Amino acid sequence: LGKCLISPIVLAAYAYNRSLSELGPSGRTESEPGVLCQLFAFFMAFFGLAPTLLLLTMALECWLSLGHPYFYRRHVTRRLGATLGLVAAGLCALFCALPLLGFGMPMQYCPGTWCFIQMASNRPHQLIFPVLYATLMGLLVLAIGACNVSSMWHLYSMARRQPHRGTPAAAATPRMEEFDHLVLLGLMTVLFTICSLPLIIRAYMGAFADDFNETADLRALRFLSVNSIVDPWVFIIFRTSVFRVFIHRVCRKLNSRR
């Protein structure tokens, strides 16, 4: 959805050889970017934060199903999952709309086809949103990491309790379906963390170190966009049967050597 909404705006800017502020209506003041640039900045902030919350719900579900199966069986339902998804999207939309109300300032980045929240400014009220955004992203990264580490520990404990000799092969296999989901979630989490940290670091440096570097900010935004591009390919490739068989053979060889 993010690519379908953002990509046509970028392609139109290249086709007409104009910046985003020049394509749409101008802002209320001369220093304020155009309306299309403000909308682009909102989309960038929203689609950087909303998938992070969805990734957290995936990590929480994995942690509850492995560590607290009775609670998961009684309270976690599909209706609850759909409700949480809608609530998370609504909260992200309200939070990312704060710059449109004056808590933060959208900024157009070189070469004029990128817009995001200005991460360095001499006005303190314009730094409230980027600091809050970076703090929220950092907390989500820590929460996702903690849930996944706990899930890995539960899975390792389950594998240790499996009988090794004198049992059928099906009984000795340590829940490979859950293991597949966990490895997939781990890969996506590592990718998400690597792509999110540059933006978090740049937001804090712009707010507290007064470091205005448009090139570094643009590089951080590109890292953030890589996550949404590569994540689907990681999911598609890992869910293929050939790749899963390869992972299982590697795990069996490691266990046999031990």
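In case you wondered, yes, glycine gets a Cβ from its N, Cα and C as well.
Curation plays no part in TrEMBL annotations; they are all automatic predictions.
In TrEMBL this protein carries:
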DOMAIN    1-235  domain 'G-protein coupled receptors family 1 profile'
TRANSMEM  39-64  transmembrane segment
TRANSMEM  84-107  transmembrane segment
TRANSMEM  127-156  transmembrane segment
TRANSMEM  182-204  transmembrane segment
TRANSMEM  224-247  transmembrane segment
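A Cβ distance under 8 Å defines the sequence-distant neighbours of the transmembrane segment (127-156), meaning residues of its chain 6+ beyond its ends; these are 45, 48-49, 52-53, 55-56, 59-60, 62-63, 66-67, 95, 98-99, 103-104, 117-121, 174-175, 178-179, 182, 185-186, 189, 192-193, 196-197, 199-200, 203-204, 206-207. Here the transmembrane segment (182-204) has Cβ contacts under 8 Å with residues 48, 51-52, 55, 58-59, 62, 119, 130-131, 133-134, 137-138, 141, 144-145, 148, 151-152, 155, 213, 216-217, 219-221, 223-224, 226-227, 230-231, 234-235, 238-239, 247 of the same chain, all six or more residues outside its ends. In this model, the domain 'G-protein coupled receptors family 1 profile' (1-235) carries an average pLDDT of 78.
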